[in-house]
Amino acid sequence: MLVKEYRICMPLTTEEYRVGQLYTISKHSHQESEKGEGVEVVKNEPHEDPVHGPGQFTEKRVHLSSKLPSWARAVTPRIFYITEKAWNYYPYTITADSHSLQCSFLPKFSIYIETKYEDNCGDSENIFHSDKILGDHEVSFLDIAFDEIPERYYRSLEDPRFFSSAKTGRGPLREGWRQHTKPIMCSYKLVSVKFEVWGLQTRVEQFVHKVREAQGGLGTAGGSDRVLTPVVLQVIRDILLIGHRQAFAWVDEWCGMTMEEVRRYEQETQEATNELIGLVAPAISVSEVGQPTATHSAPASAPSTPLSDEAPEFLAPPKTRPRKKSAPETLTLPALRERAGAE
């Protein structure tokens, strides 16, 4: 298992980001979804924890089949998804546990992410005090303005070096912004990755060579976990950078929203997203407190892919998928539902 800590600063307060986080996740999930692909919301309901108090539990399935490299599509089912379970006790959150963030056909692949938010520039040491950390672990600071992201995800309107908020007056961000910007907060994320699947090593190694940022010492000998883990960490790094860039770049869309308003936006968006990917929207309860709380025992493993007596469909050549339409810069609730109905 590999453990790495990421620290991502933003020109926001933790109280502001409580709303911004929910808005950004909902809008981004909708933008990334299309018929049969995207983020399926299975559960979203209040949850009470004896240690952390009241919070929100969510379970999602991130459908990824068409986004895999061609060699990976040849060995994975057509119905391929990652199950994500998260417990949000803001300003502390947990994404997954040892069995929660999983591939539908790789039961021994898992990711565990603990997150804490503080109003500082990322200078809190040993913030997690975690028993899972054995010895020193790598700490990586991510700069939302000046660290590179994959070119295909770049949007000039979401570039913090050029974005200026009309409502808050914050931005653009200049070199050294983390040392002199006020307000400032930091997302501390402790990421643990475990991968114990043999047989994919050669293909994964070829894929690793295409990764932009080398993660050090990748030989051809050893288990596939030593090869795939750096790829997973690279993907996680990119996702964290993109998500936090968008949270700041979209600040004028969510700034001023109450928790009740952002929870309503979240519910409407999730229902529209489920309809967009061809699923029946589940009953989603997103109120903060006041509804019966749900009790969740130790998370179960992700559902397995159904078996069939016929030859597996995923061995057939992948079909050409139509390019998805660009999402508008600002999504409103009526527009979401109208779009879902039209498609």
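Keep in mind that glycine also has a Cβ here, set from the backbone N, Cα and C atoms.
Unlike curated entries, TrEMBL annotations are predicted automatically.
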128-181, 290-343 - the one TrEMBL records as region 'Disordered': 290-343
The domain 'Phosphatidylinositol transfer protein N-terminal' (231-271): DSSP-derived helix, strand, coil residue counts: 36 helix, 0 strand, 5 coil
Stretch-averaged pLDDT - the domain 'Phosphatidylinositol transfer protein N-terminal' (231-271): 92
